[in-house]
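To keep things clear, I will list the structure first and then write my remarks on it.
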Ligand SMILES: Nc1ncnc2c1ncn2[C@@H]1O[C@H](COP(=O)(O)OP(=O)(O)OP(=O)(O)O)[C@@H](O)[C@H]1O
């Protein structure tokens with residue numbers, strides 16, 4: 001085992017020493033690895049972590065390269081001004097393309113990036129001022145005061161400084177508030193909305209960051225090679241970038257450099273070796289790459305980095321105490337209406353899942369919503385939390401009409417929920433899953449997160465999360481992965497995440513399912529304690545003993561309608577309710 005710190009130090013020392021000990025050819029090759037790493041780093045964030053496939057990254061590299069290339073050759077501007085305009089144009093293109101395509105689900109996003117990549121490639125090849133397919137020549141080198149980056153060695157150092165800074169920024173970002181939003185993207189919009197995160201905004205921002213990393217690569221590439229033509233910005237090269245990400249380990253930041261290094265070196269070796277085998281080495285190179293892709297998918301789908309990380313020791317960061325708390329909200333006085341559901345209806349085509357149901361929930365009480373399978377309970381929860389839109393009727397939350405509000409807005413008002421089908425990020429620790437619940441109580445954005453200017457707030461959020469984990473009895477497993485918990489305990493973990501929102505109303509969908517008797521008792525004790533502290537709770541649960549001994553009031557639903565409402569003792573004796581449950585309550 002080697003420590004992560006020592007390994008990083010070794011990498012930096014090797015990179016520093018390489019121009020001294022390596023051949024000029026190796027230095028040039030490694031500069032190309034660095035440029036590719038930047039693009040692939042963006043793909044790690046976008047595809048590996050965010051789950052969005054893009055075949056258009058080479059086009060962003062091209063936009064930046066051509067912008068700086070044209071401005072510095074045709075207008076004679078400084079490469080630094082070229083950088084400003086190259087990044088600005090890349091950012092505007094990424095935002096425009098992202099705004100149009102990122103709402104598309106399934107295969108439409110990758111398909112649209114192919115279309116975009118192809119159109120940009122043909123645009124470069126057909127515009128007279130950009131030199132058509134011959135490209136732009138004599139692009140000037142970068143200079144900084146007396147320092148010129150004309151030599152390959154100077155350029156090498158500049159490129160790797162940028163790569164290391166971008167890598168650090170990405171690592172910091174992933175360990176920040178917005179980075180957690182990015183890591184939750186694969187959990188889906190309902191999970192993100194339930195903790196107040198903006199799915200589309202997060203997708204757009206990471207698309208922008210990946211575009212800017214590609215833009216930086218394009219700027220460096222243009223002033224390194226001093227000549228550009230459309231070929232390196234083709235969709236084929238975008239596929240190569242994806243191959244690099246997969247080879248390194250698409251969800252690992254360090255995988256970007258490792259994957260770029262491996263593919264650039266293999267490509268270089270193939271270019272030396274294949275001419276001995278065939279007269280048409282270029283085509284055989286494509287075949288070799290296709291084979292490599294298949295082999296990686298078959299035998300090492302996670303890429304190279306996870307194998308390395310198994311041998312790297314990293315100790316979890318301790319959670320600091322005495323950092324102060326996050327802001328908390330004032331709970332409404334006991335007995336005041338928190339939730340008012342009035343004649344709410346939800347149709348799915350011809351099916352009426354919830355049919356003009358009305359009830360209310362008052363501050364400081366626990367209300368149970370029960371009914372046989374398919375009665376419409378989960379649909380009702382989804383209507384209350386904004387996960388589904390009501391067909392008609394009104395949902396009022398703290399006196400405010402919330403019928404048309406989004407999930408995020410309802411979460412912001414103080415409504416936190418758990419899900420019938422658990423929604424957690426299994427590859428994140430328990431602590432990180434719960435910290436994601438503090439999203440609305442914290443404010444650090446991308447810049448603060450990436451530059452690590454968010455530490456005090458982050459420590460407070462982590463402290464808060466540990467307290468919530470302690471409340472549900474999971475503090476000793478804070479640094480374990482959520483996916484390692486049994487399903488019943490994952491439901492309890494969802495409660496801790498919901499509590500981290502500092503809610504007024506806690507909505508629990510079958511929280512006791514999968515728990516053992518002792519764990520159910522502990523959960524009931526926790527919910528009673530929360531009620532005592534003034535929290536309002538609405539709960540769907542099939543375990544009748546659990547519900548009857550816990551709640552103050554029960555609403556019974558059958559076939560989408562409200563059948564009865566009353567205290568547990570009355571409901572237990574009600575013949576209509578017993579009939580609905582086929583004698584199950586008697
Ligand atoms: N998205 C949907 N599209 C179509 N029909 C749906 C949808 N969601 C729920 N339904 C239907 O609405 C009805 C109520 O379902 P719902 O899941 O709300 O019931 P439930 O009381 O929560 O049941 P269970 O206890 O089994 O979870 C069912 O007939 C279900 O098939």
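Every residue gets a Cβ built from N, Cα and C, even glycine.
Here's what TrEMBL has on this protein:
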- 32-51: transmembrane segment (TRANSMEM)
- 83-101: transmembrane segment (TRANSMEM)
- 108-124: transmembrane segment (TRANSMEM)
- 154-174: transmembrane segment (TRANSMEM)
- 204-222: transmembrane segment (TRANSMEM)
- 242-266: transmembrane segment (TRANSMEM)
- 287-309: transmembrane segment (TRANSMEM)
- 339-584: domain 'ABC transporter' (DOMAIN)
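Of the two recorded stretches, the transmembrane segment (83-101) does not lie close to the transmembrane segment (242-266), with fewer than three CB pairs under 8 Å once pairs fewer than 6 apart in sequence are set aside. Long-range contacts of the transmembrane segment (287-309) within the same chain: residues 240, 243, 245-252, 254-255, 258-259, 262, 266-267, 270, 274, each at least 6 residues beyond the stretch ends and with a Cβ under 8 Å from a Cβ of the stretch. For the transmembrane segment (242-266), the partner stretch with the most Cβ pairs below 8 Å, chosen from 32-51, 108-124, 154-174, 204-222, is 32-51. Count of Cβ pairs under 8 Å against the transmembrane segment (204-222): among 32-51, 108-124, 154-174, the largest is for 32-51. Residues 12, 15, 18-19, 27-28, 30-31, 34-35, 37-38, 41, 44-45, 49, 141-142, 147-148, 182-183, 209, 213, 216, 220, 223-224, 253-254, 256-257, 446, 449-452 of the same chain lie 6 or more positions beyond the ends of the transmembrane segment (154-174) yet place their CB under 8 Å from a CB of it.
Within the same chain, residues 57-58, 60-61, 156, 159-160, 162-163, 166-167, 170, 173-174, 182-183, 185-186, 202-203, 206-207, 209-214, 216-217, 220-221, 224, 241-242, 244-245, 248-253, 255-257, 259-261, 263-265 sit at least 6 positions outside the transmembrane segment (32-51) and bring their C-beta atoms closer than 8 Å to a C-beta of that stretch. When averaged over the domain 'ABC transporter' (339-584), pLDDT in the model lands at 95.
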